[in-house]
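Following: one structure in structure tokens, then a few remarks.
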Amino acid sequence: MTGEKKKKKRLNRSILLAKKIIIKDGGTRQGVGEPSVYHAVVVIFLEFFAWGLLTTPMLTVLHQTFPQHTFLMNGLIHGVKGLLSFLSAPLIGALSDVWGRKSFLLLTVFFTCAPIPLLKISPWWYFAVISMSGVFAVTFSVIFAYVADITQEHERSTAYGLVSATFAASLVTSPAIGAYLSRVYSDTLVVVLASGVALLDIGFILLAVPESLPEEMRPVSWGAPISWEQADPFASLRKVGQDSTVLLICITVFLSYLPEAGQYSSFFLYLRQVIGFTSETVAAFIGVVGILSILAQTVVLGVLMRSIGNKNTILLGLGFQILQLAWYGFGSQQWMMWAAGAVAAMSSITFPAISAIVSRNADPDQQGVVQGMVTGIRGLCNGLGPALYGFVFYLFHVELNEMADVDPADKGHKAEMANPSDEFPCNPKSPVRNQGHWGQYNSWRVTASTERKEHLLRLGQGNTANLMALYQTCCWIILQTAVLCTDFSQL
């Protein structure tokens, strides 16, 4: 077994060297310079920077479009997008193995960013198109395959950590910039700026990104056309069950990412509408957690991989994930959310370490397929997780029927209702209406300030649903940690 692994490593190094020689001497020159991790980093940064700018405007438009069932609709939108991503990821990964990475980077970035201008043109079309864009929302699988083409095995965990850290870095400043521009100018300016950044990303791919997979190294050059089995997502699932190593990896990805997908889809909306964060506080929260995630995925990840190994790094990341989910679930104060965010940043080391294992156990000409398979599993989680969370929030009536138009931080003084006669409609099924501390209710409606609304909501609704949703997912994480501990020695 050891001899076979050594032979495979020598073969992989030979293929990587052949790729570099072909690119340097015999390949058609496209883009700027030779393929590098930095090309992948720029593509990821620009794409998610554009989406980060929309954090505040998107939350506002989401609530205005679906005022009665904001959390539920948020879950359904992300659910459809995730399921489509699950179905398309293996096909796009396999096609990129045959036809190259660059064209599919262009395709995925273009269609992923296509909904951005529609946010102000037509919110209904925006949410419809963002759901359908899940077919191409697999940029990470193509990026990871791109990185695998140009790095050796021992370099990949660091390279994947850099890519994942860049994703976090793109969210450090963009939500704060978007929130500031939205407050000082308008949401329209933010949408225009985000559209411009997306166009810049597309232009960068067209003009600057070189192809990482030379034509001479593609299976189609050897007379091996793509098969339906490679593209079929359910064939990928069947293949998972035949390989114990791949099965363990996919179980890990599924059970670790399912709660994260649900959490991320509704978390910022939850912070703003239930915990009482202002737009600026949400942006600052994203920035701080993003900076900590960058440090975790660059400095900490490299140290852990060298000192305790791949398996133990994954287990440690999962331990942090259990802790942050439980902390979010039981937390009810703003300072608790900040503390849990620091722990969540440390849990971000998990996926780069898993991606390194996946890449190491795949042949060089199959990187797109295996990364597409993992991205497909994540896409499935992106479908199930938000839908599950949206249903739990809906089940426990966690809705805010009127969003604050004036934040305390926006005006520098105590927030008041724009119109003193504005009323806060309480949900008749909610425990809030039974809180006699606030006096008499007239048909379950009460005149209240913004601060009072937030307090009422936290008293009766927020903690129950948050605890139910997040505590349940902690059980799933503990289960998959036990699975990991059983047999991961071959990795």
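Quick reminder: no glycine exception, Cβ is built from N, Cα and C everywhere.
As the structure is a computational prediction, the values presented were derived from the model and not from experiment.
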Among 312-330, 388-406, 464-482, where does TrEMBL put the label transmembrane segment? 312-330
Apart from its near flanks, which chain residues at least 6 from the ends of the transmembrane segment (104-119) lie with a Cβ under 8 angstroms of it? 43, 47, 50-51, 54, 57-58, 61, 92, 95-96, 125-126, 129-130, 133, 135-139, 142-143, 146, 187, 191, 194-195, 198, 201-202, 205-206, 209
By Cβ distance under 8 Å, which residues at least 6 away from the ends of the transmembrane segment (159-182) in the same chain are close to it? 37, 40-41, 44-57, 140, 143-144, 147, 151, 189-190, 193-194, 279-280, 282-284, 286-287, 289-291, 293-294, 296-298, 301-302, 345, 348-349, 351-352, 355-356, 359
Taking the transmembrane segment (282-305) as the first stretch and the transmembrane segment (37-59) as the second, find out whether 3 or more Cβ pairs fall under 8 Å, excluding pairs closer than 6 in sequence. yes
Mind checking which residues of the chain, 6+ beyond the ends of the transmembrane segment (188-209), have their Cβ under 8 Å from one of its Cβ atoms? 31-32, 35, 39, 42-43, 46-47, 49-51, 53-54, 56-57, 102, 105-106, 109-110, 113, 116-117, 119-120, 178, 181-182
Would the transmembrane segment (246-270) count as touching the transmembrane segment (125-147), i.e. at least 3 C-beta pairs under 8 angstroms with sequence separation of 6+? no
